[in-house]
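Just below is one structure, and these are the notes that go with it.
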């Protein structure tokens, strides 16, 4: 009897509510202090366990194999190799999040793959063990596996659960692809923000150390951020290109969205301190 398809596994987007760069390590990675929060806008994945070890991915992206697709298959393969599981999976990705942009969609897809297949394959790895696999694939993946809003240090892997407010956001996705590698290699990127205690960071105005550099190089990001600042406190997430404005009420965010210039793409979402992936994990 063929296995049933396990449906509707969410892979939520994240925002970096602040992002500080504290230095550069000998291995080239950067020391960071950042605050991750999820938003209720997600890619969705379905999974079917197979008896043979093949990993097959289907996507709604018109046959385009994107980085997130590759990361999904790499995550599944890593779980197979770590656990010795000799079956496989067929995976369907419904891609709804903007590609790249600093929302973490590819990392989130990989995290959901690890969490879902660990359950469906009955491989019984702990959250920490899954996070170790995820960290080898991408620095942002552990926060999606743990599934709670978090203050992160190191390269982003040392996580401390936090409970910031859950406002409404208007997220704008400029028509620009910002290379994370290029941003972190740029000599003009500030790398000397002092490390601060979490209590201090949570109570002071929030900023993104990558924003000034990206805005100077990408006029589309500068234009989107400039427009958004007319309506709400706003900044960039990750290394961009997405920017977000913060609103206390949904109606305020929707009212601003209604005025969005036609050449810009945006959406309204609410902050979430608990990932919908964790909620889904408790269901069959």
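Each residue, glycine too, has its Cβ placed from N, Cα and C.
As given in Swiss-Prot:
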ACT_SITE  14  active site
BINDING   98, 99, 100, 101, 102, 103, 104, 105, 106, 107, 108  ATP binding site
ACT_SITE  140  active site
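Projection of Swiss-Prot feature records onto the structure.
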residue	record	DSSP (3 states)
14	active site	strand
98	ATP binding site	coil
104	ATP binding site	coil
140	active site	coil
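The 10 Å shell around the Cβ of residue 100 (ATP binding site) contains 23 further Cβ atoms across the protein chains shown. The binding-site residues considered are 98, 106; of these, 98 has the fewest other C-beta atoms within 10 angstroms of its C-beta. Around residue 14 (active site), a 10 Å sphere centred on its CB holds 26 further CB atoms from the protein chains shown.
Cβ-based neighbour count (10 Å, all protein chains) for residue 102 (ATP binding site) stands at 29. Long-range Cβ proximity for residue 104 (ATP binding site), meaning a same-chain Cβ under 8 A and a gap of 6 or more residues, is found for 13, 14, 140, 144, 238.
Of all the recorded positions given, namely 108, 140, the one with the smallest number of surrounding CB atoms inside 10 A is 140.
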